[in-house]
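Summarising the annotation, Swiss-Prot assigns active site to Cys129, His334, Asn358. Per Swiss-Prot, Ca(2+) 1 binding site is recorded for Ala662, Asp665, Glu667, Glu672. Here Swiss-Prot flags Asp705, Asp707, Ser709, Arg711, Glu716 as Ca(2+) 2 binding site. Annotated compositional bias 'Basic and acidic residues' per Swiss-Prot: 622-634, in sequence order.
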Amino acid sequence: MPTVISPTVAPRTGAEPRSPGPVPHPAQGKTTEAGGGHPGGIYSAIISRNFPIIGVKEKTFEQLHKKCLEKKVLYLDPEFPPDETSLFYSQKFPIQFVWKRPPEICENPRFIIGGANRTDICQGDLGDCWLLAAIACLTLNERLLFRVIPHDQSFTENYAGIFHFQFWRYGDWVDVVIDDCLPTYNNQLVFTKSNHRNEFWSALLEKAYAKLHGSYEALKGGNTTEAMEDFTGGVTEFFEIKDAPSDMYKIMRKAIERGSLMGCSIDDGTNMTYGTSPSGLNMGELIARMVRNMDNSLLRDSDLDPRASDDRPSRTIVPVQYETRMACGLVKGHAYSVTGLEEALFKGEKVKLVRLRNPWGQVEWNGSWSDGWKDWSFVDKDEKARLQHQVTEDGEFWMSYDDFVYHFTKLEICNLTADALESDKLQTWTVSVNEGRWVRGCSAGGCRNFPDTFWTNPQYRLKLLEEDDDPDDSEVICSFLVALMQKNRRKDRKLGANLFTIGFAIYEVPKEMHGNKQHLQKDFFLYNASKARSKTYINMREVSQRFRLPPSEYVIVPSTYEPHQEGEFILRVFSEKRNLSEEAENTISVDRPVKKKKNKPIIFVSDRANSNKELGVDQEAEEGKDKTGPDKQGESPQPRPGHTDQESEEQQQFRNIFRQIAGDDMEICADELKNVLNTVVNKHKDLKTQGFTLESCRSMIALMDTDGSGRLNLQEFHHLWKKIKAWQKIFKHYDTDHSGTINSYEMRNAVNDAGFHLNSQLYDIITMRYADKHMNIDFDSFICCFVRLEGMFRAFHAFDKDGDGIIKLNVLEWLQLTMYA
């Protein structure tokens, strides 16, 4: 049994009308149906608190490889094991696959034979033609290819059953390590295979990509652009061919010259992802078809040599075909790679040609310029050689550009960025990357059709600082491209996640608000039209679009079409000239009284047990004036001269109630605080609250107690009550329906009105902590939140002696501060 060694997935180095109308119904792209889904991961600051205290650094591929060689074992990946868990998550497969390493499948296995090329990719029994079309495009650019497929991997020299591949994931390059066990049936690969039966780079690349997304099933159905971007870090543009610009062929030629990746498809009218099954076909039916396909395939051929050692083409399974094959040989609902563009002389005229490839490795176009076209005899021999014309069933074919435009409906071009490929021929673009999150009840506001919540979406300020360098353009214009990408939806499919329908809008910030990073409020969006926006909201992983706007300051608002949909995203802005893109509301502060107050140090409970080390003599004397009781002053508190006369009726009533409950020591515990607060609050019938809970009162004491006694005196309680009264007014202002609750989306404004200025992450955390399942916050939770904010800011400022916004705590101080809260 091979020894198991831990793997790694480690990072590598035009304006609308004045009154905006509703957003049109979202477009249905070639993607899965938009819907709810598992929420994205919470912020790293929260996740990291559950990490082991002593972290173990993940081993790199080199370390794992070296360890396997030293121990003379073959690597076995425990994170993506060779069993059913790595295959399908929705249903158990009815037949048993045998996981084999390439040396067990054939003699003389090779990683790459004669260079990786597009004919090395033949689709197996998985609906991932979108992925394979992208891989075929990748082979056209060797520098890109070997960024994804690192050099020096083989089945001979230093072979240890371990391989690795690199993918771009939301702004970072990650190294994915796998073992080389592959699923087989009758000694044949079930999924992607090469045209040569002893070549395995494409099968292993598919496995690494499946691991990245959790399983092979997760690769079923998708858009070519997803894989293109994961291979390059580029940004994709979509073209509806029927609405294509007149110079589309020129655009495609330029894309080929620049090393961009291109894919195309024909709509089948079902609004499904490429390679998925027709409506109503579930995973069980898909598996049943796969079984029938295998049983009827050439795999049952008794003459098949299970350990063929030559490099002859492998005998492949015809893929499970859900796509609709047309009479012309093209397939609807299927992804093709665009592998070349040329102009050929035919009967004295130049004809524009497009070369395409079907990832099945078979089933080709049978019209003009196809492999078997009868009029090839009229094409010059040198021209044939230049076009590499040969009659072979390899899935690749030429067709005229006119036929291409007539039959195909969508074109996808993945443009490379500086992150993926450096070239002197390409213009340098400035790239800004922002990560964000839509949180239900706080920042998942939906599109402009939902004005009450649209303004709560994350907002990103964009400063276009310099105009384009275009001597032929008299306009003062900045060119830029915005790309919004949702994260982890494919990986979370097994948890019920689907792609959301997403889009964005761009608004110009008024000059008087330039430099102000505050979150723009609802009224701004009610009375200002957007300057630009995505063409449509669509359920795809990424939506992108080019814009040309004058230099100014703008705000980009990314959103889902429907509100309350929770997920993570990244927002990328590419511009020809310098720009600055950052999230609005990124400063944290609290409004402080103008009058300076004496800086009292924070007193920990343990400090009082240790001779009050943090208290000076002056502080103790001052405390003695405030705190009363036999153990502090030895006598009952005496009112100051004229104090009673100055007290209002409410204050007198307040003091009397407090005295009745607190007793002679004039201090109250959590139970007594609960009685005091609820006695007073119950008189305010308009609040419609059930009062404060005991746990809430314990938190109030912990956060308002200035000396660590675990109790509140009259002065401390009076300070608390003044705050509660002020916060009560804010609560009533936002409780517009007098239900005793406020909508969690309004909490941002309420917190701001109370003088606390937070960033988006903190507003998200407040919503998760205090809102109920209906996204409402009751009076008790509302006050608890504000008490906690007040106490936390007060504690921080007490430690921040030099006012630089940074404090240093030892572990005892940290535990005391957080435990007693």
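Positions of Cβ are set from backbone N, Cα and C atoms, glycine also.
On the backbone, the CA of Arg711 (Ca(2+) 2 binding site) and the CA of Asp665 (Ca(2+) 1 binding site) stand 11 Å apart. Under the three-state DSSP scheme, Asp705 (Ca(2+) 2 binding site) falls in the coil class. Within 10 Å of the C-beta atom of Glu716 (Ca(2+) 2 binding site) sit 21 other C-beta atoms, taking all shown protein chains into account.
By neighbour count, meaning other C-beta atoms within 10 Å, the densest spot among the recorded positions His334, Arg711 is His334. Between the C-alpha atoms of Glu716 (Ca(2+) 2 binding site) and His334 (active site), the distance comes to 71 Å. Between the recorded positions Asn358, Ser709, Asn358 has the most other Cβ atoms inside 10 Å of its own Cβ, all protein chains included.
For the recorded site, Asp665 (Ca(2+) 1 binding site), the DSSP three-state label reads coil. With Glu672 (Ca(2+) 1 binding site) as the anchor, the candidate recorded positions are Cys129, His334, Asn358, Asp707, Ser709, and the one with the nearest CA is Ser709.
Using a 10 Å radius centred on the Cβ of Ala662 (Ca(2+) 1 binding site) and all shown protein chains, the other Cβ atoms total 20. Note: the CA-CA distance between Glu667 (Ca(2+) 1 binding site) and Asn358 (active site) rounds to 81 Å.
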